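Per Swiss-Prot, ubiquitin cross-link is recorded for Lys688. Summarising the annotation, Swiss-Prot assigns domain 'ABC transmembrane type-1 1' to 81-365 and lists sequence analysis as the type of evidence. Summarising the annotation, Swiss-Prot assigns domain 'ABC transporter 1' to 423-646 and lists sequence analysis as the type of evidence. The phosphothreonine feature in Swiss-Prot is assigned to Thr717. Taken from Swiss-Prot, the feature region 'Disordered' applies to 1454-1482. Here Swiss-Prot flags 78-98, 123-146, 196-216, 223-243, 299-319, 340-358, 860-880, 920-940, 992-1012, 1015-1035, 1097-1117, 1132-1152 as transmembrane segment, drawing on similarity to another entry.
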Amino acid sequence: MQRSPLEKASIFSKLFFSWTRPILRKGYRQRLELSDIYHISSSDSADNLSEKLEREWDRELASKKNPKLINALRRCFFWRFMFYGIILYLGEVTKAVQPLLLGRIIASYDPDNKAERSIAIYLGVGLCLLFIVRTLLLHPAIFGPHHIGMQMRIAMFSLIYKKTLKLSSRVLDKISIGQLVSLLSNNLNKFDEGLALAHFVWIAPLQVTLLMGLLWELLQASAFCGLAFLVVLALFQAGLGKMMMKYRDQRAGKINERLVITSEMIENIQSVKAYCWEEAMEKMIENLRQTELKLTRKAAYVRYFNSSAFFFSGLFVVFLSVLPYALLKGIMLRKIFTTISFCIVLRMAVTRQFPWAVQTWYDSLGAINKIQDFLQKQEYKTLEYNLTTTEVVMENVTAFWEEGFGKLFEKAKQNNNSRKISNGDNSLFFSNFSLLGTPVLKDISFKIERGQLLAVAGSTGAGKTSLLMMIMGELEPSEGKIKHSGRISFCSQFSWIMPGTIKENIIFGVSYDEYRYRSVIKACQLEEDISKFAEKDNIVLGEGGITLSGGQRARISLARAVYKDADLYLLDSPFGYLDVLTEKEIFESCVCKLMANKTRILVTSKMEHLKKADKILILHEGSSYFYGTFSELQSQRPDFSSKLMGYDTFDQFTAERRNSIITETLRRFSLEGDASVSWNETKKQSFKQTGEFGEKRKNSILNSINSIRKFSIVQKTPLQMNGFEEDSGEPLERRLSLVPDSEHGEAILPRSNVINAGPTFQGRRRQSVLNLMTRSSVNQGQSIHRKTATSTRKMSLVPQANLTEIDIYSRRLSQDTGLEISEEINEEDLRECFFDDVESIPTVTTWNTYLRYVTVHKSLIFVLIWCLVVFLAEVAACLVVLCLLKKTSPQDKGNSTKGANNSYAVIITSTSAYYVFYIYVGVADGLLALGLFRGLPLVHTLITVSKILHRKMLHSVLQAPMSTLNTLKAGGILNRFSKDIAVLDDLLPLTIFDFIQLLLIVIGAVAVVSVLKPYIFLATVPVIVAFILLRAYFLHTSQQLKQLESEGRSPIFTHLITSLKGLWTLRAFGRQPYFETLFHKALNLHTANWFLYLSTLRWFQMRIEMIFVIFFIAVTFISILTTGEGEGTVGIILTLAMNIMSTLQWAVNSSIDVDSLMRSVSRVFKFIDMPAEGDQPNRSFKPSKDGQLSKVMIIENQHVKKDDIWPSGGQMTVKDLTAKYVDGGNAVLENISFSISPGQRVGLLGRTGSGKSTLLLAFLRLLNTEGEIQVDGVSWDSITLQQWRKAFGVIPQKVFIFSGTFRKNLDPYGQWNDQEIWKVAEEVGLRSVIEQFPGKLDFVLVDGGCVLSHGHKQLMCLARSVLGKAKILLLDEPSAHLDPITYQIIRRTLKQAFADCTVILSEHRIEAMLECQRFLVIEENKVRQYDSIQRLLSEKSLFRQAISPLDRLKLLPHRNSSKQRSRSKIAALKEETEEEVQETRL
């Protein structure tokens, strides 16, 4: 960045904004880079502004019971704000004085006032000086409030971010991500945009009072007729505005529906193509678009009438003000022109300035109140620690995630004690306790000495993560004691990577120690991964580490925790994404050796981890099921596997199903009907069994902490309701059985217990901030970020950036301390930061874009021609009247004086004929604005153009190859369908209409003035040329600055979301100050771009006005010096010239707006022009009897006989397959060759990132591939993509459930009847799940099927494949994150429904590979081995190294057969425990 010229600018340079000329010159000559932007001043830095406001806010909190944020803002910014308001008022006063001088000039040409003729030139000078003074006052008065608004936004941005880092986890659960982003973007932007208008709330009434006083002097009481009309008009416009808001609110819901489906489509575009759902998704979205456009047109029509009302109102205001006075007393022409000028100013004040100011204050105060309530939310409280403590002790700890429950717990306990209830009534307290909701942890006690390893195990939802949160202080205990030193390091279950280098992610602000760093890298198995990068550990990682595999992210997160020198290490399931071999090595070298003398708490379910732990804590339903050593566990709890795995009471509400992991913890006990408990003397807490998504969560972020909340309660078995019995009374074999019988399969499968009306798009619960932090690893690794080999895509809630400035800020981390960040930002870093965000769109919209836009719809050309014809007709009428006036003027010359002397009659001389002509021009202007036959067709047609462009872009994206889509960000694609389509629908049609309307008004007025005074035309030509050149000069720079500003806005929100994802990690490491500094850096960079844009815009606006002032001076003196007796001509000229001033400036601004909005059109065209996937010939489908497509596919191919059904057997032959993610990228698979027999099951083996999932994508032709694949003798080059992909059934890692009914999700094309769908649902074990929802198959799923578990979603994919009658099934780690019961259901379905199909399985679990006949081992992107299990186990191979001796025995055929012999119950229990727990990851 460069030093700002503003620092050394003179007072005149600041007044005229001349200091911006260097950047304007550079932007005109070349493309601007971030390095060209100027540094901000210290007064605009986020550090200073936030410190200033934070100091005043703290003062407000300390001094008052009811603190007001507006008081803190007032003390910071009020006096400067009022100073600019006074300047603005003085500028507006000059507008009221100008008509007085105009009236005196017109009066000086009256034949009866020849004495004043000599002072006309001085009056003209005075009028010109007023325009000059107004120009000098107005622009600083507008720029100042904009600047103050920017500073207020920066200060409140920082205050909100700091508060976010301090919020308690309970509060974070109540705030949705959308609400938080909206609080920062939508609300705070109001200060930037509207603060300049805020002063008109008091300026406009004063101005109206002054103007009415002057009009009273001219017209007396009749002046109030015009004012009354303006008030009525303002009320009419308010009514139109209310109607428009009604349509927009209705439309917003429809837009939300469309964008939900569109975002799901974009996020899962790979699955859409794999399922061949392009046409179905396109039809679904287009249907929603049709409904949306109906409301769009209504809103546009209302807004059009609202805009037109302003223009035609001028004529009626003048008529209503002048006509009563003229009829009663007669009127002089001087008064008419003066009244016209007054009414123009009065109309602006009443119908525009005052309503806008009121709206600005309403929005701003509403935003301030929202922020004020947010700043008073409950904060995270740091626990008190004893640094000398060497042990970790927890005594009888109970905790609730819901804040109010802890208080209720204490109150209920006190009530029981006061009543002195007997032992037989002790259940009373626990009955009330269950009504309050289940505590997440109950009566937990343990003690571990320094250097010991505590293994924490339990089923899903048992409270393992909550235990760690309580140790960290994120969860406050309701009762009990926690004791440790406070020096904690934490590794989250969900890998969190901050933008920056690998080294910075591991060091994370801790002092750098070379030996320790290298030891940690080695222990976490990162040496090999780092060596593959050219920059080694200095490679910059994007937000979320999207360029890394899940295993790499997990190891970096673990390395960060281990690198910190702490007393206590909390490791929350750190091995979830690691293959067996890597996990084993890291556990031995890192957890057991490197940290041997440290206290460790490890959340795990691996048997070998439990064996090596010093102490074991098994949690079940939040209670301590067991605490002790492993030997004690075997002897005391022989059934511990059922609690560890959750076989008996598996909680189906897994992480994917929960909208918030905290609120879901409460849904454990069932209440029949309503129940209530004592809250206090006046309040009752009601617990109603409502649907989880039955009621929309309020949009306001202000959910009171103590407010009454409704939540769903899940029904549980009697075993769970009655406590934690050691024996449920069931036979032991039944409780440990994993594989259900066919007839009982659905009964054993855990059911969903959410009973509610089908959720709608509007009714869905928003994702909470805490859910973002506790998102499952599936969602974290796959749902939002999809890894590619050489490119990245990401989905975000806000405007997108790639590696963002935060990457650069993180690089500034000092080796000694993370708080010292360099102020300088390297130009190379900036280019790297934004390399993917700089659009390849010209800085100024090309004429080709305009031409292409106009020709999208043929009707648009005819509408534009019609507009031109109407305008030419109006101009012709004006010129005819003008010619008649010139011909009649000499004949009426003798009557002029006579008519003028009659003061009681309306003048009817040739002079008044000019007045009649001017009225005609006014009528023409009104017709021009009102013209239904021109304006409405234009707006209607432009919306139709938007409809066509959306349809073409949607089709293009769906048909684009994945190699192209892999180079784009998902957020960028979504912005085209949201932001750019909104521009085409809302802003562009009316902006184009306004521009055409204003341009024609200016041309007509200039034509009239030029005909009256031809000399004025000579002055008009250079002015128009100057306007065109100045506009072109400014546009080159302004559009680039706007683009840079947009790019600079993304890192602010990216950093916010990144901080929220890793908030627990930040707090554990104490890195909040460092991240606050990074946030301020992001704010400062955005401020530099935004302030420069505001300054250059003001430079341009001031130059426009200066040019016009020169033009007006020329017009004034030409009129005064060349006009003879008769006041009509000079009155028309000067009045029109004053009107041209504002209209022409408005027209130029509209042209800039059109050019800016047309960039959205350019971006849409860029997407429309994307290449389509190759479509081969020779495709046909056999029609069924009812005319629909057949369920089987008929291939016309030289290798297959006519009418043969393909595929028939599922034989696959792969020859020399090479795959790339993007064109020109590195090969991710090389020379893969093998063959699969029909019906064979093949397992894919390899370490994380070896290319197993990539191979499955290559089979579906979702990558750039070379080589050949044949299925049943048919080559993939000889048939279409659709035909090829329909041969495969797919169960991906990331399951695609779009917002729609069960029926639509299973059969989007509507090819199958209900009977067939129910049959398949029963086969895969889904029928009982679907039947419990209202509407059954018509139940609407939202949020990716959040009411379903991950297992249910996998079954949905399985059902799709069964319906599609696929002969080849591709499974990409289907057992990842599944509960054991659902996994066994999937295994059973695979055996039955796909018994004669070819199955290709990618898995980490050894158990999942039991039924594979052959194994394909992939290493370093190549096939290393392809053989049977016996051969692989008999030689040295990656597969042999990856499994334990016990697993090898399990995989051998004789071992499998020997397992069938009868065993005693205890022996069976012990062996099954070791086998199942060994490979289960929770």
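Including glycine, each Cβ sits where the backbone N, Cα and C put it.
When Cβ-Cβ distances under 8 Å to the transmembrane segment (340-358) are tallied for each of 123-146, 196-216, 299-319, 1097-1117, the top count falls to 196-216. Taking pairs at least six residues apart, the transmembrane segment (1097-1117) and the transmembrane segment (123-146) share three or more Cβ pairs below 8 Å and count as touching. Listed as Cβ neighbours of the transmembrane segment (1132-1152) (distance under 8 Å, sequence separation of 6 or more from its ends, same chain) are residues 98, 102, 105-106, 127, 131, 337, 340-341, 344, 914, 917-918, 921, 991, 994-995, 998-999, 1001-1002, 1005-1006, 1008-1009, 1012-1013, 1016, 1027, 1031, 1034-1035, 1038, 1101, 1104-1105, 1108, 1111-1112, 1115-1116, 1119.
For the transmembrane segment (78-98), the list of distant contacts is 127, 130-131, 133-134, 137-138, 140-142, 144-145, 148, 195, 199, 202-203, 206-207, 210-211, 214, 341-342, 345, 1138: same-chain residues at least six beyond its ends, Cβ to Cβ under 8 Å.
Away from its own ends, the transmembrane segment (123-146) comes close to residues 15, 17, 80-81, 83-85, 87-88, 90-91, 94-95, 97-98, 101-102, 104-105, 108, 192, 195-196, 198-199, 1094-1095, 1098, 1101-1102, 1105-1106, 1109, 1112-1113, 1116-1117, 1120, 1134, 1141 of its chain (Cβ-Cβ under 8 Å, at least six residues beyond either end). Remote same-chain partners of the transmembrane segment (196-216), defined as residues 6 or more beyond its termini with a Cβ less than 8 Å from a stretch Cβ, comprise 84-85, 88-89, 92-93, 95-96, 99-100, 142, 145-146, 149, 223-224, 226-227, 321, 339, 342, 345-346, 349-350, 353-354, 356-358, 360-361, 364. In the predicted model, the domain 'ABC transporter 1' (423-646) has a mean pLDDT of 83.
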